[in-house]
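Enquirer: Here's a structure for you.
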């Protein structure tokens, strides 16, 4: 639809001008590619302009008729003005204009309003219909499905007043990581890939765009052998992954799980941890710098927080050493960067939270000594998106929120949130108004829940019963607007809303499961020879497909043989013996089942056979 500017009717009749107006724009379209317009904005603008102009034209006409109407021309003009004022559609305005034009001839100053009709007869038809309608509608009709902007505003106002409506929890999918606790979750910045790590030492890669409704991981690996995974995080660009496990060396993998670097292990015999090149004890946590894509942070049981450069695995960049009130070493259980990357925060086992300037590692910039109960593991620290507030999840079953500029007491706190894991999470919603954390439960002690607190008042807004096990990890991705949850029974759940959420889980739930193909065995070509002699005739070829399908249903025939165990035993199976002589002897001793409790009887057992068949002793001494 092309909005037409009003034009004066100079020397043509109205119907001829309408034909010209409508034919001229569309005649140039032949053979050209259509352009894309924002139709809703054009319709709205056209409607407003048409209403305004028709009102002005009608007012001008009313005044003109009252002042200059002649007696002979009075009656037809009065009829036409009545019809024009009662009609609200575009056609009736045009009818009145035509009457005035044909009878007075003095209509060069009048304007054409709205889309005009092809001829006078077609213009009169709609004018009679629109007289009956009460709706004021001038200009082209609105497209189907057009919603007034007022309705949208009402919805957004309602969402602003009720933050619960922003929580995307109407739908969920469950990803089966394994049977043990999912202790680490990571999403890349674009939200295309999810990684999960657990107490079973496995890391699994999930690609939302590549998965179908069967929800299978596309890769599984054990980068840290027999160490539990503590933390996983994609870098700010999403091209590498930081893996923090139960050993003393953090690893960096690329997007596909191949190793990029491994931090060096420090010398455990050096007393001053500043003088050693890396961590000497188990790692607790780690994260990437939000701005510098090559830098990351780790904390360890050796009492240090260290920063590293991906390009230099031989030595850390800097060391931060948390200290207690007495100046003694304390163990940091969690660490994080502020949103701008200028501050480094660590939660320690003495209940303190200590914050350093990234460039000055000696003295803390802010610290709170009694943030949580001493002797408990502060499991998570996270800064709000605006950077002014720090949230801490304590091992003393509390969730607290702090203004680091006034660090003596928390702004708000919530109690009664059990936490049995040293990596129980808390995170902020994308709009920074809601704080989320999970709770732990004992086996058979109810359901683990996800709690949502309003940041300003710490009022509990909402809770989700996740599963009958603890909720350990939670992550609310700002681009996808989806909530990922890691649980104590090996599940990774994704909560989303089809309307509010983007991509992510929505991509894979709509894809149907791929039908598994039965393994077809390679058979020799069957040559049909109907007239061959019976001794040369091959037996008739039977279909192997049905037999294969039956075999697949048989648990004995379709049992996959166990692969040989390499290295130490696991899964209830003893590992293979090594290649050394001692291991071989030990294995044979274990296999030797002869009973040598009475040596005299054991020797005399062979006396009869030696007398009848002398072989060893008698032949030598016969002569």
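Each residue, glycine too, has its Cβ placed from N, Cα and C.
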Enquirer: Out of 497-537, 538-578, let me know the one TrEMBL marks region 'Disordered'.
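Expert: Result: 538-578 is the stretch TrEMBL calls region 'Disordered'.
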Enquirer: Who are the long-range neighbours of the repeat 'WD' (276-318) in its own chain, taking Cβ under 8 Å and residues 6 or more past its ends?
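Expert: Contacts with the repeat 'WD' (276-318): 230-231, 233-237, 239-240, 242, 244-250, 252, 260-268, 270, 329-341, 344, 346, 358, 361, 422-423.
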Enquirer: Within the same chain, where does the repeat 'WD' (381-405) have neighbours whose Cβ lies under 8 angstroms from its own Cβ atoms, ignoring anything closer than 6 residues to its ends? I mean 6 or more beyond.
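Expert: Beyond its ends, the repeat 'WD' (381-405) has Cβ neighbours at 333-340, 343, 345-347, 351, 353, 355, 366, 368, 371-373, 411-419, 422, 424-428, 430, 432, 435, 437, 453, 455, 458, 478.
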Enquirer: Restricting to the same chain and to residues at least six past its boundaries, which positions have a Cβ under 8 Å from a Cβ of the repeat 'WD' (337-357)?
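Expert: Apart from its flanks, the repeat 'WD' (337-357) reaches 287-292, 297, 299, 305, 307, 320, 322, 324-325, 330-331, 363-381, 383-387, 390, 392, 394, 396, 402, 404, 407.
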Enquirer: What mean pLDDT does the predicted model reach across the repeat 'WD' (175-207)?
Expert: 90
